[in-house]
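Undergrad: Got a structure for you, questions after.
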Amino acid sequence: MGSDVGQTLRQAFHLVGRGQSRRWLSLVVLAVIASGFEMLGAVLVYVLLALVVDPSGDVELPMLGDLRALFPRVAQERLLLWLVIAMAVFFVVRTAVQVGVTYVQQRVAHNAGARLSIRMVEGYLRWPYSWHLSRPSAELIRNGHQAVDQLISQVFLPVVRVTAEGFLTLGMLFVLLAIAPGATGMAVVVVGAAAALLLFVVQPRLKALGSRAHVASKDAYASLQQSLHGVRDIRILGRERHFSRVYARSRLQLARSHYLRSTLTELPHSIIELALIGFILLFFGLTLMRGTDAQSALSVLGLFAYAGLRLQPSLQRIISGLNNIRFSAAPLADLHADLQAIEGLERSAREPAPLPFDVGIELRGVAFRYATADRDALAGVDLTIRPGEQIGICGATGGGKTTLVDVIAGLLDPDAGQVLVDGRDVHRNSRAWQRNLGVVPQMVFLVDGTLRANIALGVADEDVDEVALDEAIELAQLREFVDSVPDGLETQVGERGVRVSGGQRQRIAIARALYRRPQVLIFDEGTSALDNMTEAALMNAIERLKGSHTIILIAHRLSTVEKCDRIVFMENGRVAGLGTYDDLRRDSRGFRALAGSH
């Protein structure tokens, strides 16, 4: 049990511990200061009760001796008054210190969480594209946001509280041992046994609940994201109830894990309270049985009552904190694994210059297989693309067209072979190579923002190149739409572009690709959502780019690639034909069959 908590804590401090040692040390120092105030408070309470019980002032203080000897010339009534005033001032100061300590604890912990969340999101954006293909986006969203919040609220803050309350408990025990060692030993046995029983009984159950809650949370996130992204199809098909049930199943399992966890973490309050009451009754009973004067034991009993009021919530927080740490082990392990993967990635301090592209692109024996596939998506692909050439890529669905383009673009690393640009390996210089590319995907990504923000994606408004923006709009045949809406380039497109048509989304993507004035333009069926007239106009515009740009077209309609310099015909991950449109119609049976189906 202890090793599990230790591993969780090591992972947690690895997640946010770099460069944070001074901040965490400051929290320990504050915890020591706060515990010192509590120790002094306990001594003052004991002295006040002792003076009330024994008006003579004959009170023995640990390490200080007789109280009357310390203030020999002060009258009893005045000493009592001074003590009351001192206690009032002390508790005001103690409250201010507690508020300050809490503020610092919360600030350090939540700032650490914010830095970690930012670091995770930056890392996810730098992850290789192939990793994203195998990880649900809902899981990454959860890890980058909710899991970090859980780390802070259920691991770091509990660690801080356990540390602070641990110092407080030790300080109070020191005072109690100095004043009443026998009674303190009895209290430690009674309350310690109750606390140990709680830890050993509750923590294993919390670990199992935490694992179930982690799985249920991931399933709920994935279900909710899928339901909202597919709401159009779900409504048309009338499948709302099915998707609601799928979400409800995960959400109810998550709720069950959380209410059982809350019940188990509240147990310490009741059990420790019961143990403290039992101790006080036992102490008072033994005092009477021994024939000791009850009045003389009142100051000690009052001290223990005050200590109990302070220690009961402290012990509860310690046990609850350890329980929370155990409950959060599963999501923390996932988060830690992702951070380790992120740390393994190289991070450039600045964007590299574009990779020189004067000779051409060469693919040598390129092979690639997706992690979950049982056959190669690409197998032994050899291909050369010259600067200024217009290349069409076609083939049946699943033939490897998009995979080939993703490998050329440096998004996927080949399992075998090389992709060379002017003799340099693309996958050792992918960032530099991608600065030459403009890509128009089949599934267009739009942010919930303006037309300007979507065309100049990732560029602040004040940094937008207005000349390049205007050129891209003209070339993408988007000018008529921009001029037709009241807000022009400031028009909001809505989440995922729901306020614009499919053709407009495609033209926005084309303008985005052209905005950066790339040397290489890649259209992954980038004209598929356009009507015939708009596609014809766009293809004429693309024709004008011939010679000044290298153009790679993945085509659904063969009319799109008919005028290409060469066409690559893909079949089962291999180059089954290469040549002009007429060459392939003449020499390739597979291409003729594809052309005949259109």
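Glycine too: its Cβ is placed from the backbone N, Cα and C atoms.
Just lifted these from TrEMBL, have a look:
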type	residues	note
DOMAIN	27-325	domain 'ABC transmembrane type-1'
DOMAIN	361-597	domain 'ABC transporter'
TRANSMEM	24-53	transmembrane segment
TRANSMEM	79-97	transmembrane segment
TRANSMEM	155-179	transmembrane segment
TRANSMEM	185-202	transmembrane segment
TRANSMEM	271-288	transmembrane segment
Undergrad: I'm a bit unsure how to read this: which one of 24-53, 155-179, 185-202 has the highest number of Cβ pairs shorter than 8 Å with the transmembrane segment (271-288)?
TA: 185-202
Undergrad: Would you kindly list the residues that approach the transmembrane segment (185-202) from elsewhere in its chain, counting only those six or more residues past its ends and only Cβ-Cβ distances under 8 Å?
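TA: Beyond its ends, the transmembrane segment (185-202) has Cβ neighbours at 1, 173, 176, 264-265, 267-268, 271-272, 274-276, 278-279, 282-283, 304, 311, 315, 318-319, 322-323.
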Undergrad: When you scan the chain for residues with a C-beta under 8 Å from the transmembrane segment (155-179), skipping those not six or more beyond its ends, what do you find?
TA: 8-9, 12, 16, 27-28, 30-32, 34-36, 38-39, 42-43, 46, 62-63, 101, 105-106, 109, 112-113, 187-188, 300, 303-304, 307, 310-311, 314-315, 317-318, 320-322, 324-325, 328, 332
Undergrad: So what's the mean pLDDT when you look at the domain 'ABC transporter' (361-597)?
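TA: Value for the domain 'ABC transporter' (361-597), mean pLDDT as a whole number: 84.
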